[in-house]
């Protein structure tokens with residue numbers, strides 16, 4: 001129903017692409033191009049019942065990513081509460097979360113958080129999401145954050161991520177041990193949970209079985225997280241199907257391994273990602289737009 005936390009707002013491109021965002025968490029829960037392809041993964045077992053976070057889509061991790069902050073709650077609380085819809089018209093929606101600093105003892109710092117979501121009028125129906133943070137308090141605001149984006153793939157075993165070779169990462173499966181990625185691609189044959197530090201702004205997911213790729217461009221977010229839970233962790237999550245690890249992988253623009261952002265009173269920070277779904281050519285390179 002309109003006004004409820006689980007209400008979905010839809011925005012449309014002129015060519016027929018659609019993005020849906022939920023008031024609960026300011027959370028993108030669907031992105032379909034004009035051909036009707038479902039490009040964002042949401043678990044069939046996701047729980048749409050506040051304050052539970054929605055499993056899949058694009059959770060907004062704020063005011064901390066993971067446990068990188070003062071809170072005892074994984075990924076903060078922005079994804080667990082209702083946001084206000086400031087505008088939703090045509091191909092763009094803006095949602096806002098105003099926090100006074102009093103409702104969560106773990107985080108007593110006021111802030112204003114906005115997300116601006118757009119669907120492009122290009123043939124591929126590109127998807128863009130911007131995050132803006134303003135310190136509305138009287139003391140410095142320190143945070144980490146991420147757009148925890150779940151991409152739908154036909155088979156994660158046939159998918160790979162390129163653009164990260166030669167870059168340093170923290171391996172969350174080894175206590176955040178540092179390593180350098182010397183492989184040509186990130187492949188998936190087991191659980192992957194890495195924070196690439198000072199990651200490049202252009203990263204590509206190739207979904208070989210579907211003959212498509214996602215070209216991801218980020219700005220403002222210094223880091224990038226690559227994640228797939230694989231068999232054991234998938235089985236341990238009540239809101240995630242045991243076999244669904246095969247259907248998804250996450251590339252998350254983040255403020256994480258490079259250190260937190262600190263804003264003085266009235267200061268604003270912003271970061272964004274834009275994603276284009278493209279075809280994969282015979283040589284395995286991204287080709288023409290969908």
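Positions of Cβ are set from backbone N, Cα and C atoms, glycine also.
Model, not experiment: these values are computed from the prediction.
Using a 10 Å Cβ-Cβ cutoff, residue 148 (active site) registers 24 neighbours. If you look up TrEMBL, you'll see 148 (among others) marked as active site.
Sequence-distant neighbours of residue 252 (active site) (same chain, 6+ apart, CB under 8 A from its CB) are 61, 146, 147, 148, 149, 224, 225, 226, 227. The active site annotation in TrEMBL covers 252 (among others).
Sequence-distant neighbours of residue 74 (substrate binding site) (same chain, six or more apart, CB under 8 Å from its CB) are 66, 67, listed in sequence order. DSSP assigns residue 74 (substrate binding site) to coil in the three-state reduction, outside any helix or strand. Annotated substrate binding site per TrEMBL: 55, 74, 79, in sequence order.
Each of the binding-site residues 55, 79 was ranked by the number of other C-beta atoms within 10 Å, and first place falls to 79.
Other residues of the chain with a Cβ within 8 Å of the Cβ centroid of 55, 74, 79, the substrate site, are 53, 54, 59, 61, 75, 80, 148.
Secondary structure at residue 252 (active site), taken from DSSP and collapsed to helix, strand or coil, is strand.
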